[in-house]
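Taking it in order: structure first as structure tokens, then the write-up.
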Amino acid sequence: MDQLTRKNRLEFNKLQKRLRRHVGRAIADYNMIEEGDRVMVCLSGGKDSYGMLDILLSLQRTAPVKFELVAVNLDQKQPGFPEHVLPAYLDTLDIEYHIVERDTYSIVKSVVPEGKTTCGLCSRLRRGTLYGFAEKIGATKIALGHHRDDIVETLFLNLFYAGRLKAMPPKLRSDDKRNIIIRPLAYCPEEDLEAFAQARAFPIIPCNLCGSQENLQRQVIKEMLRGWDKQFPGRVETIFAALQRVSPSQLADNALFNFTDLTLDRSAPAAIEDDAPLSWSDLATTEDTTDAVNIINAVNIG
């Protein structure tokens, strides 16, 4: 092994450990996988789902709980879809797998006008089929390959185009309460998954076989976030962290916080008494409005 190959191997090992750590932490933080779970891993043939399956198989060997993995691909009968690729790859792994055949492509083409993006309807049909199949095979969890950048992009898509503060949760119960969806890659940056897929030489299947243009709005958001992260490294990571530290009382949604019934309560002592000694650190660190008012009253400016 020459020096370059040795260096590449070291870099790959660091990347793999980082992704394993991200996935393991996400699973632990949201209790994604429990003892005896049968996890249906949705495999599209893209870099993210390949990476998710690879990492979950690796973690399965040393996990503190016993669980099963079942790989499932939905063949939507898109023209030119290479049907042999996924079975050939999965045959090399020690894993149960299923190829589900549903001609959702014809349905989408018959409903969506020519030139319009088919991604939305295609996604809904795919989701419905996978939910039903999960029940059929007794899966207790459905693992999807959305990563950290997908989650942040969805936040801004909803913010800019739908006027909603909404993203993708790492763990979700379906509306009919019959399925639990998990996103083990929730903490993983897309660039790490791209590098991992390249290093592992996964047989990637392109997502444009249907001829649909990539969702333009999502692409705009993706480019915006890439620009931000290039100019201000860590910006996307910080935005994701904000999704984990929400303060409902500092927003404006009456469904999350009862603004209507707010009342005064002066029974408790004030945070800062008028005659209490003050320091510059009091002025620098005070965030509560009540404290600020007391400080203004207490400090003799003139």
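Every residue gets a Cβ built from N, Cα and C, even glycine.
Away from its own ends, the motif 'PP-loop motif' (44-49) comes close to residues 73-74, 85-86, 145-147, 185, 190, 193-194, 196-197, 202-205, 207 of its chain (Cβ-Cβ under 8 Å, at least six residues beyond either end). Sequence annotations record features per position, and here Swiss-Prot assigns motif 'PP-loop motif' to 44-49.
Annotated [4Fe-4S] cluster binding site per Swiss-Prot: Cys119, Cys122, Cys210, in sequence order, evidence recorded as sequence analysis. Cβ neighbours within 10 Å of Cys122 ([4Fe-4S] cluster binding site), excluding its own Cβ and spanning all shown chains: 20.
Just so you know, the Cβ of Cys119 ([4Fe-4S] cluster binding site) picks up 17 other Cβ atoms within 10 Å once every protein chain is counted.
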